[in-house]
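**Student:** From TrEMBL, here are the annotated features:
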- 96, 97, 98, 99, 100, 101, 102, 103: ATP binding site (BINDING)
- 5-344: domain 'Kinesin motor' (DOMAIN)
- 438-461: region 'Disordered' (REGION)
- 503-547: region 'Disordered' (REGION)
């Protein structure tokens, strides 16, 4: 809980003429700034005149005529926006006479981009913070309320096309038993980015009541409250932070006798002054000690701003003053009002709550777990079957358990015997499929590892055996590859032999060999080898253009009986060597 008084600031509207009726003192930076008005005595009031000539008011800071919109935002709106992002409620409201610059300070001007007011700059700051902070998930909703003649209107209603103010839905106030205010018929629009939020602001501004008065060419004739609802949550957490930021543009107070308005504008002025009078009554009651009753219900505006005034909120007030001589009295009245506002102390609390949806889900899980434990303790089994979604979830959970390399991992299924039985069934199916794959010639089943302590003799021996096993596997793989290569060579040779014999057919009489009897085979084995100087029998091959092995006529290699014939590099020579041997055998 943060206790602090309402922060007050003053802003002086620029004038075309130089004036000496006021002065700003910014020397004491820690203590704030002071604004002094000097009102010389008028001789028309007579010689006996006890009227004060100097009025000094203290503020947190006074923005002089040369102050820019960026400076106003940095000192006033940015600290409040930071508190809202932290989970606290915040309010910024502008108060002053008509034509003193309230709307320009809150909303800004439409001519230049640098004239943007507090609302568009705050929206830009909030959404920029949302995009940069990845530790939380943020969402923003916007509402825009106008109070005209003590009647509330929704400026952002999407269901109506408003050509007149009366076409907009009317907002009514409802209060619950805890005295919390609820606004009926006030729409809250979600905005995902800065562009959508600015479009909502522009839509609401086009529906506001604006009229020309003697004091202001475009005077807002109503109180407007632009509210940004911010919700943040950390991923995986059920705790929500809900905060709201009120940006209030109050209608300007005016003296009817001085402005001389009439008709509809006179009625508007009466309602404006009456609501501001009720606001001042609330401020006075809050500033007084031991005050038991605070008249919030006197007007709709004070009811809506109940939290902002003396409640759970960090509030800041901007008093806009005009230093023209004809407006000095109203400016002094505004400063007096600000001094009373500075006496109000608010107690801002961190708005944290549990997400009801997540709480319901968590409680349902706890109830289901307790039911399963009770069923396991009493021996009662549930008769309903597991759903398809539960089966898929169990399968995924079992797969994650099996793939986890941690030996200490556990499979938590709870006390539900249906889930346990289903997981055992899945394991049985996996094991049977594994053994079936091994029986069909698939990969061998993995050998279970024997746990052993590192550094022990058993561990070293196991390591050596594994290395030897890996080496033998590599050798087997090399031999298998060699066998595959030799088998391929034999198949290629057989293919070439078949093609050659089909293209070059010898005569039946030359190639037909009589079958040798056992006695002839014995004679052949006992025969001595032929002399080495004897001329070999030769058989010449004919030129054949289709085969590279029959390019020229060449004598065959000498045949040596009793020696196995070795294959040569040229397959044609090997074949004719075989024929040569056959011819010599037939001649003998």
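Note: Cβ is positioned from N, Cα and C throughout, glycine not excepted.
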**Student:** Return the residues near residue 96 (ATP binding site) by Cβ distance under 8 Å, restricted to its own chain and a separation of at least 6 in sequence.
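**Tutor:** Non-local contacts for residue 96 (ATP binding site): 102, 252, 253, 319, 320, 321, 322, 330, 331, 334.
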**Student:** For the binding-site residues 99, 101, which one has the sparsest Cβ surroundings, going by other Cβ atoms within 10 Å?
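**Tutor:** It is 101 that, of the binding-site residues 99, 101, has the fewest other Cβ atoms within 10 Å.
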**Student:** Looking only at 97, 98, 100, 103, which of these binding-site residues has the biggest number of Cβ atoms within 10 Å around its Cβ?
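**Tutor:** When each Cβ's neighbours within 10 Å are tallied, 100 tops the list.
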**Student:** Residue 102 (ATP binding site) has how many other Cβ neighbours within 10 Å of its own Cβ?
**Tutor:** 26
